[in-house]
Amino acid sequence: MIRCLYLGHWPYERKQEAVLRTGVLVGWIFLLAIGARVIDASVSVFLTKPGPYDRRYGAFSESERQEMLELTREMFTFAYDSYMRHAFPADELNPLACCGRGPDRERRDNININDVLGDYSLSLIDSLSTLAVMGNRSEFRRAVELVLDNVSFNKDSTVQVFEANIRLLGALLSAHLLIKDPAKPFGDLRPAGYSNELLTLARDLANRLLPAFDGTPTGLPFPRVNLLTGVPRNCSTETCTAGAGSLLLEFGVLTRLTGDFVFESVARRAMEALWLRRNKDTGLLGNVIDVRSGRWLGTMSGVGAGLDSFFEYLLKSYILFGEHDHFRMFNESYSTIKRYMRKGRPHCNAGSGEHPLYVNVNMASGRTSTLWIDALQAAFSGVQVLMGDVEEAICSHALYHAIWRKFDALPERFNWHSMNADVHFYPLRPELAESTYLLYRATKNPFYLHVGREILVSLNSYSRAQCGYATIHDVHDKSLEDRMESFFLSETCKYLYLLFDNDNPLNQRFSSYVFTTEGHVFPIVKEFRTPVDETVSRSDREPQLPPEVGALAADGELPLTTSGNKLTLVNASGPGCLRVNQERMFLLPLKHEYLAQVSTSLGLDLQNSAEDLL
């Protein structure tokens, strides 16, 4: 899972707004001068002839936006209330049976359940930041009190370190920071008598995760830990790259709030240990590694499951903490990804050839290793937005949107050769909603509001159950499984809500926050961007910023890259970076002919799919 908002003040955004105002004014003067009738809103001021997709996606009214905002609020409220009524204090809701679900105590090896569930009211904790973002202050305060009164991590539960970190630790820290925020962007969230109890609970959990780092000469953590006794005697030594390398945001924030550097130290060491083991020829990482030997057990490299949030946290470590080393690592990774994994025409919105696609490759040779892509890869478009490659994000997002239109869901794996699902279930994942939200914040193009509406309609048409929202067992026949994972509450609902809520404090101050890979909100503050322990600071190796960008970069406002000993804007002179071509700002983000291409390649009928909303 991959998730964040850091757009900063986009260098092109103000230019876009200025050109938009000027273009609209010129357009109206032109129309008045020639006595023309008011033309369709999807037609650009350059009089580009619209196609069916332009007419479908080219405008989104204020009343439609408000309707979708309320529909999203109702979706979350129904799911959350159903959990509280039928499942709390259990970890999850079974939405078909209307009952709670906890860890599988009879089958300890049932890691599909036990990696996540540990008898600690997971869904309640994971929902805290969404309650705040939606402005439900009274329920947020009540939920915090329920957590403090009912939750203990002193449990005989063996859980996955990664899942406990992103779903529990991140949620507790986010809720604590929102309560303590002196600006109170969401109003007064402080429960009566609150005295940092969520931070205390978070630290207790993190201390119970620390044994995972003991006894591994590589610095990589064991994948699982028993919250009561430590690492199980027979614990597997196999871990995925994302699982071991996506701990730094939560552990780093905990270090900065408590002053205890051990948390950040172990997370940083794990991330950098993975980086040092990248292939010396290609620069690629594998997806599974042995924590004792450091030997790669899985040699597939990609941007989806097993690796996704590793790249995400390299970038966000720079955004939140100002870690220039990690930003250099991200830039190098992104270059190798583009070199070996990207297939199709060279440019997103120009030229000929197949629609661009990021494939899985062998880490040693760089050759394509599978014919499938997975649902988690849909979040990579969001990472591309955050680092400034907006045009490329537009293209990669378009493929997953087309897959959604084909199935009214995202199958867990999609075969890009046969153009069908390889693994058929959809557990209400948030990745497409997340990327859609970030692309809308970057472009303000109504196309992405339409995508959000399509996601909402599909969820309510096929996943809504008697007591919540259920996993789709098979995207072909829309049969359901009796499970509602907590990330539906923490991410899917949150990103869709923010997509339609222009006035939300997060959208009004979108350069001031970063989302974790579970969708929890951390503020970007000066205190977090100062090394806790100067003895481990690498500031003596950090190049000097050019004067013209130094101030903005110091606040995390600009994406930078390294050239020799000089930091410069990422791909500032390259095509499509940090801006969207001005001649297309009134049309679809992906040109009509290319949107038609990716749609027809998946067997979607262009006219039928375009006319249903005309």
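Just so it is clear, glycine is given a Cβ too, placed from its N, Cα and C backbone atoms.
Predicted automatically and left uncurated, TrEMBL annotations should be read as such.
Copied over from TrEMBL, here are the features:
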{"type": "ACT_SITE", "residues": "GLU163", "note": "active site, proton donor"}
{"type": "ACT_SITE", "residues": "ASP308", "note": "active site"}
{"type": "ACT_SITE", "residues": "GLU412", "note": "active site, proton donor"}
{"type": "ACT_SITE", "residues": "GLU431", "note": "active site"}
{"type": "BINDING", "residues": "THR517", "note": "Ca(2+) binding site"}
{"type": "TRANSMEM", "residues": "20-39", "note": "transmembrane segment"}
Per DSSP, three-state class assigned to ASP308 (active site)
helix
For ASP308 (active site) and the residue listed as 'Ca(2+) binding site', what Cα-Cα distance in Å is obtained after rounding to a whole number?
10
Hey, what's the Cβ neighbour count for GLU431 (active site) at 10 Å?
27
Using C-alpha positions only, work out which of the recorded positions GLU163, GLU431, THR517 is nearest to GLU412 (active site, proton donor).
GLU431
Compile a sequence-ordered list of residues in the same chain as GLU163 (active site, proton donor), six or more apart from it, whose Cβ lies below 8 A from its Cβ; state 'none' when nothing qualifies.
ASP115, VAL116
Got a sec? Which of these active-site residues, ASP308, GLU412, has the most Cβ atoms within 10 Å?
ASP308
Secondary structure of the residue listed as 'Ca(2+) binding site' (DSSP, helix/strand/coil)
coil
Between THR517 (Ca(2+) binding site) and GLU431 (active site), what is the CA-CA distance rounded to a whole number of Å?
10
